[in-house]
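For reference, TrEMBL has these:
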- B:207, B:263, B:264, B:265, B:266, B:267, B:268, B:269, B:270, B:284: FAD binding site (BINDING)
- B:3-184: domain 'Electron transfer flavoprotein alpha/beta-subunit N-terminal' (DOMAIN)
Ligand SMILES: Cc1cc2nc3c(=O)[nH]c(=O)nc-3n(C[C@H](O)[C@H](O)[C@H](O)COP(=O)(O)OP(=O)(O)OC[C@H]3O[C@@H](n4cnc5c(N)ncnc54)[C@H](O)[C@@H]3O)c2cc1C
């Protein structure tokens, strides 16, 4: 089985979000970039398929040279080879188009992407790749088993979960649950050394057009002060919630 | 030409998101000088759609589609969009609608923007505001395609009445085998509980609760308020609560009217998931807990004393206001 894990290179979860150039560019100053958390769960699940079912695992990112440390980290965790599509990731559609091309040319049976990336949160790329490649698609996937060319997956739905069967080729939008948090892998010294020798293929983009563009960014209006209520005076809290906030 | 909206229903009845997206679509239709048409699957009647500005409902009656099916739903919505010659299609940002949204976008060659929080600031060029960086910022995004697909964030626009006569027509799209490539085997859903996604009120608790055995009072508080229960990430990582209750950047987003956080410190990753809740209340022993900076109301105190007292006071309040 050939697996492709789509890796999004995102600001780490503690990053302060700021903008430059008259609020048109994300300010990367001092920002640490990481593997998108949803993709990390997927990558670890892919490692499981590699070890238990002898799958091969490639990772791919659409982006400039600055994303390579993130790809190297995925290689250090155990991916066999990495692909970087050499173009900035400007909109979900264009990214999906580039990824779909990699999927078609690579003949992958399973594409694991994250439910969403934690920067733009669009949640569009996995489904678009599925539609563009004619693959089955399961979103918000929290467990995945493959037997021959059939997948059994569980996905999170509002208020519960649902188990589905789907034929390969399959694209999933994965998230926490695909593997336990405690099973997430941290690259060790040996992995890091080996990653240096693994192939990182830089591929020319197909040059997809975009469908959307950011005109400007804004930050939420600053919040007012908290109103503190004495623990011995909870009637006051109820009064505020009822009369001031109109929340109960 | 109309604005087409996909209105979610369950067991034949419309969900609140249906009225929300209808209200929003009406706002866009007014900007464009046109009407709102809706599409739904196995709705038993038009419900309140007319109240919220929908003048025509394309109802797909198909037993196979009783359970949500992203592939088939997307195919049908695309056909309805073409039948209506809709230039703007509006869906919710619920988990189901997000699932089908990306498929629909490709079927229609429609530029797609999800998590939209307001009416377009301009119809031409079509520009909408969406939340990004897990609610830490907004992006004003232009869609350049001829057809546009907008995913509206929950609770962002609210319900706006625009009484209209709504006619229901049967809509019979054609399906192909590919639409049914993903087959539902079983659904495991607690039907009697309010879900985090739909809840108006969410009662959430963190590591400050010390252990899963102390959740009875959290559930009781939620019961009194008709709320859903939620938790911080470590709580679900330790298995005190199910994964589906974990709120935050890597968990579920919450857009409730009221969010009560008990024994949660307010780490940036947790706050990211609750920024779009309207009113936030924090109960924490530590007056320096970062959550107090994000909250509207706060009680510095021990949850094991404050929560039981709050439950009693709320019960009395409910009884007096019944
Ligand atoms: C990549 C990544 C992603 C993450 N994503 C998320 C996410 O999506 N959601 C999330 O929640 N976290 C997330 N986190 C974790 C986050 O950083 C915090 O560790 C977590 O939110 C803390 O949970 P907590 O507030 O329950 O626990 P703690 O930080 O331990 O805080 C417990 C709080 O309870 C208070 N307390 C203790 N006893 C009492 C009492 N008797 N009564 C009242 N208050 C009391 C304490 O004062 C303290 O403020 C993520 C972390 C990383 C690295």
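These residue numbers are counts, starting from 1, taken along the chain as shown.
Heads up, the Cβ atoms here are built off N, Cα and C, so glycines get one too.
Computed from a predicted structure; not experimentally measured.
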Inset, instruction - Among all chains shown, work out which of the binding-site residues B:207, B:270 has the most CB atoms within 10 A of its CB. - result: B:270
Legend entry - Residues from B:207, B:264, B:266, B:268, B:270 facing chain A - binding-site residues, CB under 8 A: B:268
Legend entry - Max CA-CA distance, Å, over listed FAD-binding residues B:207, B:263, B:264, B:265, B:266, B:267, B:268, B:269, B:270, B:284: 18
Inset, instruction - Have a look at the binding-site residues (B:264, B:268) and report the one with the fewest Cβ neighbours inside 10 Å. - result: B:268
Legend entry - Secondary-structure category, per DSSP, in which residue B:266 (FAD binding site) falls: coil
Inset, instruction - Can you check which residues sit near residue B:266 (FAD binding site), meaning Cβ under 8 Å from its Cβ, same chain, 6 or more apart in sequence, and list them in order? - result: B:282, B:289, B:290, B:291, B:292, B:293, B:294, B:295
Legend entry - Assigned element (helix, strand, coil) containing residue B:207 (FAD binding site), judged by DSSP: helix
